[in-house]
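Heads up: the structure comes next, in structure tokens.
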């Protein structure tokens, strides 16, 4: 594994709030992608009481070459998970919550119904909490995407992850154009929902391929793109081809905005849920400004 440049080095997570969040997640038997995927931002986020809850269990039915989440045969769904999630959101006094999941290709609806239950339970407890979902592709199961879109999360995120050429190596069980179809379907079903997608760089892609992904996402009416450095979780995972410099990330941000995205987060440590609450507020302001500009013209 390559040694990391200085701009990717972070402090070890610690602090009273960090441990409070960790203990609360354990108390309610909730998984977080922060821990399961070994996110480098866990210390910063948890000390701000920001956590991305991972529902549908901790075992994924796929084994993507970039992901640190355990794969295999998953356990049965926890019927109490939606209620426990809502309780934890209340105790943490979250204003914006991010819900993601493992892939559950074994379930008839891919787990989409469980997403809906989680959204409904959180809103039952507090209608003011804004909700962001980061869903898998549900294996293109009939009605799954529409079911979650109809539940009207404030943000619907589905990560494109990498360029089409690398899918066979990095996401062998996924299909690039199905991910685009999912994002387009969400916007068609519920135009008010902000759509979001993320891509990792440093896997061997070219700049031209990244620009094409940006074009494809804009063609699917995606509002928000996140671009971050791929980090190899273990020697068994896909190797890092190179570390993209902060200056290159700034350039990607400039290009993405020029292509019409409402919001762009681009940087070495950017992840799908990084600063999600703050970015949601910026998204709303940017959309309002866009409407005002269109109205004045």
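The count begins at 1 with the first shown residue.
Every residue gets a Cβ built from N, Cα and C, even glycine.
In the three-state DSSP scheme, residue 273 ([4Fe-4S] cluster 1 binding site) falls into the coil class. Residue environment of residue 273 ([4Fe-4S] cluster 1 binding site) contains 29 other Cβ atoms, counted within 10 Å of its Cβ in all protein chains. Sequence annotations record features per position, and here Swiss-Prot assigns [4Fe-4S] cluster 1 binding site to 34, 39, 45, 273.
If you look up Swiss-Prot, you'll see 60, 64, 67 marked as [4Fe-4S] cluster 2 binding site, on the strength of sequence analysis. Residue 64 ([4Fe-4S] cluster 2 binding site) carries neither a helix nor a strand DSSP state and counts as coil. If you take the C-beta of residue 64 ([4Fe-4S] cluster 2 binding site) and look for same-chain residues 6 or more apart in sequence within under 8 angstroms, you find 161, 170, 171, 172, 173, 174.
Per Swiss-Prot, domain 'Radical SAM core' is recorded for 46-262, and the stated evidence type is sequence analysis.
You'll find the Cα of residue 67 ([4Fe-4S] cluster 2 binding site) roughly 15 Å from the Cα of residue 273 ([4Fe-4S] cluster 1 binding site). The Cβ of residue 60 ([4Fe-4S] cluster 2 binding site) lies under 8 Å from the Cβ of 67, 69, 70, 71, 72, 74, 102, 103, each on the same chain and at least six residues away in sequence. Take the mean position of the Cβ atoms of 60, 64, 67, the recorded [4Fe-4S] cluster 2 site; other residues of that chain with a Cβ within 8 Å of it are 62, 63, 66, 68, 69, 71, 102, 103.
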